[in-house]
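Chemist: First the structure, which I've put down as structure tokens, then a few questions once you've had a look.
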Protein chains: 4
Amino acid sequence: MSGSTFGRWFAVTNFGESHGPAIGCVIDGCPPGMALSEADIQPDLDRRKPGTSRHVTQRQEGDRVEILSGVYEGQTTGTPIALLIRNEDQRSKDYGNLLDTFRPGHADYSYWRKYGLRDPRGGGRSSARLTAPMVAAGAVAKKWLQQQYGTTVRGCMVQLGEIEIPIEDWAQTAHNPFFAATQRGLPELEAYMDALRKSGDSVGAKLRVEAQGVPPGWGAPLFDKLDAQIAYAMMGINAVKGVEIGDGFGVVAQRGSLHGDELHPDGFASNHAGGVLGGISSGQDLVVSIAIKPTSSIRLEKASINRAGEPTTVVTHGRHDPCVGIRATPIAEAMLALVLMDAALEQRAQGADVCLPISPVPASRP
Amino acid sequence: MSGSTFGRWFAVTNFGESHGPAIGCVIDGCPPGMALSEADIQPDLDRRKPGTSRHVTQRQEGDRVEILSGVYEGQTTGTPIALLIRNEDQRSKDYGNLLDTFRPGHADYSYWRKYGLRDPRGGGRSSARLTAPMVAAGAVAKKWLQQQYGTTVRGCMVQLGEIEIPIEDWAQTAHNPFFAATQRGLPELEAYMDALRKSGDSVGAKLRVEAQGVPPGWGAPLFDKLDAQIAYAMMGINAVKGVEIGDGFGVVAQRGSLHGDELHPDGFASNHAGGVLGGISSGQDLVVSIAIKPTSSIRLEKASINRAGEPTTVVTHGRHDPCVGIRATPIAEAMLALVLMDAALEQRAQGADVCLPISPVPASRP
Amino acid sequence: MSGSTFGRWFAVTNFGESHGPAIGCVIDGCPPGMALSEADIQPDLDRRKPGTSRHVTQRQEGDRVEILSGVYEGQTTGTPIALLIRNEDQRSKDYGNLLDTFRPGHADYSYWRKYGLRDPRGGGRSSARLTAPMVAAGAVAKKWLQQQYGTTVRGCMVQLGEIEIPIEDWAQTAHNPFFAATQRGLPELEAYMDALRKSGDSVGAKLRVEAQGVPPGWGAPLFDKLDAQIAYAMMGINAVKGVEIGDGFGVVAQRGSLHGDELHPDGFASNHAGGVLGGISSGQDLVVSIAIKPTSSIRLEKASINRAGEPTTVVTHGRHDPCVGIRATPIAEAMLALVLMDAALEQRAQGADVCLPISPVPASRP
Amino acid sequence: MSGSTFGRWFAVTNFGESHGPAIGCVIDGCPPGMALSEADIQPDLDRRKPGTSRHVTQRQEGDRVEILSGVYEGQTTGTPIALLIRNEDQRSKDYGNLLDTFRPGHADYSYWRKYGLRDPRGGGRSSARLTAPMVAAGAVAKKWLQQQYGTTVRGCMVQLGEIEIPIEDWAQTAHNPFFAATQRGLPELEAYMDALRKSGDSVGAKLRVEAQGVPPGWGAPLFDKLDAQIAYAMMGINAVKGVEIGDGFGVVAQRGSLHGDELHPDGFASNHAGGVLGGISSGQDLVVSIAIKPTSSIRLEKASINRAGEPTTVVTHGRHDPCVGIRATPIAEAMLALVLMDAALEQRAQGADVCLPISPVPASRP
């Protein structure tokens, strides 16, 4: 197995290339009896899909998902759910001049060293397009988590290049192309992106993803710590270079007297931990931050070599996101949902009691 | 499986509790024919073990490892290598007053919610003591990687609380208790720790771990990206709250024109990527940073609740590390080695060519 | 994961239902650089597909396979190969009267107890139609094994009901609907099947599957013994109730003085072991036998109950194979190929030497 | 991973060699809160251990098990349970003359081809001694299954060489060295074994293993069929060459009108299926038969070759079981219990309803 399956219990196997006939995934382990149709999945795909604003790639993809199996008369059957998305807008000619050259920052060189050949069309397997099936699978997980436990997942952008974006109103994330949780400063973001696009360059971003209503007890002590699985999921998203749980790198200069979240009869007094203690959920909100690198495809010239090892230069003229972080919020949400789904099933099998909760204890205090 | 096995090909199954009879691991998948004895493993265990300076816990553990299987006449046989470390200094009475209380920042509450019961002696399974078997397994991986590919792993502390520690001379990490890669500023670190210990508080730290001589082609495209596996491994270490690859969170404000590492006939011109492109090693040095939270066990009083949900307070008087980051360097090195070992075996099975390297291309330029 | 993925390194994830929109699989772990097109896969699918003789179900399915990913310009890329087969002839009305009733010998009752609901159309997930994707995946494995190691797989029917069928000429399996390795006795088999079909009843069968040119060293000592994996693969085929390796149940009354295959400088003197010693291939031919039960869908009335637990009777009028064993030969071949493919990759990663064979030793003597 | 871990949810990792310092296993995934001590495990180990009658090997091993982790104050904690058995009677000199020779029927040749070296002492990793840790793990599974579901497992010998042994009274299996479920014919078995031992030869055996009180709904549709997992488990036991579920190879000549077990309001009318329909338990008794080959170590001379490929002969004078089937009953029981344990946990996570059973339906009728 070359690592194309995510999750142990709710196992999602991803397939496809950017410019092949189709992309998709197979979900093995979805419990039976949940109502499910394409309409549950499409909205999250639409949040991620290209071409929805001038700040993202203009590639036109309907990203229409088709459920091929695992659903009978509108209900999950407990058997694998195959989800198919046909590729539509495959303008491979955009990449024609890059067949022989290793684009800086891209996977061209490393893939070639691993496999001895590569599918150069749109990055092939390394394209962020492959996150679409995960967004689809994540939508299934989100629905189940919401129905079974009232657990919800949400995400927003908290920094675009040098501009920090405050979290003021989560509802706003649906009303601007940046997934900013605020109404303020949007014109500044628009202008920033317009200037960037004009410059031919790209920029990084920082996202926040959270889960609320996570029951205590999800995760496992050693390697499958809930936060370790989140780190694995997030770092597996294209272009992510850093992951933080709770206070993240802020803990380096903290004192233990500050960091340890006190417990009171009505809940935790703070959430420096970010919702995980010893790798297992505490019932506090899960808080995750990720750093996304600037898009490697830019219109500015960079030095490189070709397969013969000879020097050359690269300029990318195809349709690209000048900030891949802009469309990454639904992806990060989906990956968090997938981690939680897996942990929920693990707990059902191996936790203290699958039916009755342990005597009530405080969960979280805002 | 409750997540106690690390790795797919070089699979290390960890067992034990802080104050049980023994801790250890079973390595399944070590290739045959490598010379191996306890002497290959003990040095790394000694680098991690408690009681080696006044800045770490004074618990006395010999941490003597015994090879129980998988080695015949000094050579690995290809069958599981079981490693056993008996616990010696189990002063469980230190924890007697904490049996019923959830210590802030510790796994007490979350374990109790997951399992309905917990081993309170020294944190039981959540103790950082369980990293010792991973250091042992990592030593086996280090030896194999060095022999087969010349790949080496090293780590150091780059920040202790507010104090940044420059990387000036890697050889120095062996000559001070902080794993600082410098001769300068050590008295300042000593004084800082003495004051901290006296205050009864604890502090966080930031570590750097690197691998050199990593062949290009290790890792996999989607979920088992090399960096995703590193993130999983690092976040699974006790107290880690953040992981960065290459420039990490520094990428947020970067431009693509800066970030993408240019290739020249004699190597890469820079290493913003930290050695991974598209989840697959590029031949550049692997560069990883991690944030370690301040120890949760402190001598200062914190509010908490007991199992009945009643308010109480907690003060910890046992033997603890005031900065768990100090002993974490060999742990992080071991986890990085384990990730690389797994990726190396995956590449042997599924890479382009298991015998002959692809025609020479540049690897790295300092 | 609910067990829809077969194999560890060459991992095939199967999806679909008998009467859903499509069936298929995703192969993760196929090495790069092998020429592959639908034309490599279709012939084995055609050997298995329904409607090819009067002795099998008359359901009409083209079973046309489409490669959705993992192949670029006719070569495998090392990334997942998704294979899609659209269902065409879904006459679900055939099953209309069985929605509420548990058919004896079928999975109706057990599925209902597991999932609380089931897809009744053609048996849903329990249909033998789900073996088609495995035949497709097996064709990929067969090609790779043949190219890399000269390893070949073949199968035939050795017993149909009471009639034993001798193995006289393997080439004949392609020229009769029974996959009989003989030219003799075919009219008797035809007459037997005609009478059986007329009677409305069904019958069992016994198949032989073999692999030739298996290098010594494939398999692993404990649980992943090559024969254990074969047993898992074969017993996972619909309707299989027994698996034998080599002399199988014949060993019960054997003496050790007979059973142990002697080695001579020019090879083994016999093959009672069936090609496996201690779970690892010996270089002898792999010899496997399986027992296939009579089809459960018959036109004769049987007693049963409905979901309310009330007594009822069942008669099946749909299109069914009166002997499912007839079409099972390509399925068993495919599953054997998949086991070998997985073992080959494991050996590449973890065997003694991935490049050079150990000094020549005898393999097998006819 | 080289296949030394059995099970997905109740994952047992086995380690050790016949004549190394110790053998044992690590159980990952045992639910918390079950009372457990060595006294729960030792009885099954004693049933399997050598030296208990003149019909088995005279090697003297106490086979005392030590629980190293996962149990606190007599209760499982949900964390890995490590079980250790020290080897005591390692008369390696018995094997001294066989170091360079491949013993017919043994794993010597295949191991050497796989690993390039091997531990020759007592067969090393290929020794049936490695079943002891599985018997220990199986005892843990048996206890949990009994407590949670009332599920029980039992086994007996049904054929010794040519002698068929009827199942008349299961209680008798505890009172004779053959695990015969009868009082009759024991002197004949004793005499048969005495003559065999005197002859220096060995013989095969056939065992039956059953589980009663298996809830319907355990297992999964495709590859992880309950019977497929049983086949994998059984064929993984040393010397097993055949596995049957229910009527096994008897189905070949059966008619469907006979084979399909009818359902009545008070239960199934028969059990040709052996307790599994479509890979999922039906609530009927699970019925499994296995064929065990004659011991390969015999005192009669056989031809072989040495590592140089030169002809030689082999005679084995060490302490061996003249019929390895005699001690195999507790092993087969343990493996069946481990399969069921795993399936039970899978069903808790992914079945229709983890708390309330579906409305009552018939299970089984004798």
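Backbone N, Cα and C define each Cβ position, glycine as well.
Curation plays no part in TrEMBL annotations; they are all automatic predictions.
Computed from a predicted structure; not experimentally measured.
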Chemist: If TrEMBL gives B:Arg125, B:Ser126, B:Ser127, B:Asn238, B:Ala239, B:Gly278, B:Lys293, B:Pro294, B:Thr295, B:Ser296, B:Ser297 as binding FMN, which of B:Arg154, B:Arg208, B:Arg255, B:Arg319 does it give for that site as well?
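Modeler: Record check against TrEMBL: FMN site with B:Arg125, B:Ser126, B:Ser127, B:Asn238, B:Ala239, B:Gly278, B:Lys293, B:Pro294, B:Thr295, B:Ser296, B:Ser297, extra candidate from B:Arg154, B:Arg208, B:Arg255, B:Arg319 is B:Arg319.
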Chemist: Which whole-number value in Å describes the distance between the Cα atoms of B:Ala239 (FMN binding site) and B:Arg48 (NADP(+) binding site)?
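Modeler: Cα-Cα, rounded: 15 Å.
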Chemist: Which of these binding-site residues, B:Ser127, B:Lys293, B:Thr295, are close to chain A by Cβ (under 8 Å)?
Modeler: B:Lys293, B:Thr295
Chemist: Across all the protein chains here, work out how many other Cβ atoms are within 10 Å of the Cβ of B:Ser127 (FMN binding site).
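Modeler: Other Cβ atoms within 10 Å of B:Ser127 (FMN binding site): 22.
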Chemist: How many Å separate the two farthest-apart Cα atoms among the FMN-binding residues B:Arg125, B:Ser126, B:Ser127, B:Asn238, B:Ala239, B:Gly278, B:Lys293, B:Pro294, B:Thr295, B:Ser296, B:Ser297, B:Arg319?
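Modeler: 44 Å is the greatest Cα spacing among the residues binding FMN.
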Chemist: At 10 angstroms around each C-beta, which of the binding-site residues B:Arg48, B:Arg125, B:Lys293 has the fewest other C-beta atoms nearby?
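Modeler: Comparing Cβ neighbours within 10 Å for the binding-site residues B:Arg48, B:Arg125, B:Lys293, B:Arg48 has the fewest.
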Chemist: Provide the three-state secondary structure of B:Arg125 (FMN binding site) computed with DSSP.
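Modeler: Reduced to three states, the DSSP call for B:Arg125 (FMN binding site) is helix.
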Chemist: Applying a 10 Å Cβ distance cut-off over all chains shown, what neighbour count does B:Thr295 (FMN binding site) have?
Modeler: 28
Chemist: Sort the binding-site residues B:Arg125, B:Ser127, B:Lys293, B:Thr295, B:Ser297 by C-alpha distance from B:Arg48 (NADP(+) binding site) and give me just the closest.
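Modeler: Smallest Cα separation from B:Arg48 (NADP(+) binding site) among B:Arg125, B:Ser127, B:Lys293, B:Thr295, B:Ser297: B:Ser127.
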Chemist: Below 8 Å Cβ to Cβ and six or more residues apart, same chain only. Which residues does that give for B:Arg54 (NADP(+) binding site)?
Modeler: B:Asp194, B:Arg197
Chemist: Out of the binding-site residues B:Arg54, B:Arg125, B:Ser127, B:Lys293, B:Thr295, B:Ser297, which are near chain D, with a C-beta less than 8 A away from one of its C-betas?
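Modeler: Near chain D, the qualifying binding-site residues are B:Arg125.
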Chemist: Tell me the coarse DSSP state (helix, strand, coil) of B:Ala239 (FMN binding site).
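Modeler: Once the DSSP labels are grouped into three classes, B:Ala239 (FMN binding site) ends up as coil.
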Chemist: Compile a sequence-ordered list of residues in the same chain as B:Ser297 (FMN binding site), six or more apart from it, whose Cβ lies below 8 A from its Cβ; state 'none' when nothing qualifies.
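Modeler: Residues satisfying the criterion: B:Arg103, B:His106, B:Ser202, B:Thr316, B:Gly318, B:His320.
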Chemist: For B:Ala239 (FMN binding site), list the number of other Cβ atoms lying within 10 Å of its Cβ atom.
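Modeler: Around B:Ala239 (FMN binding site), other Cβ atoms within 10 Å: 23.
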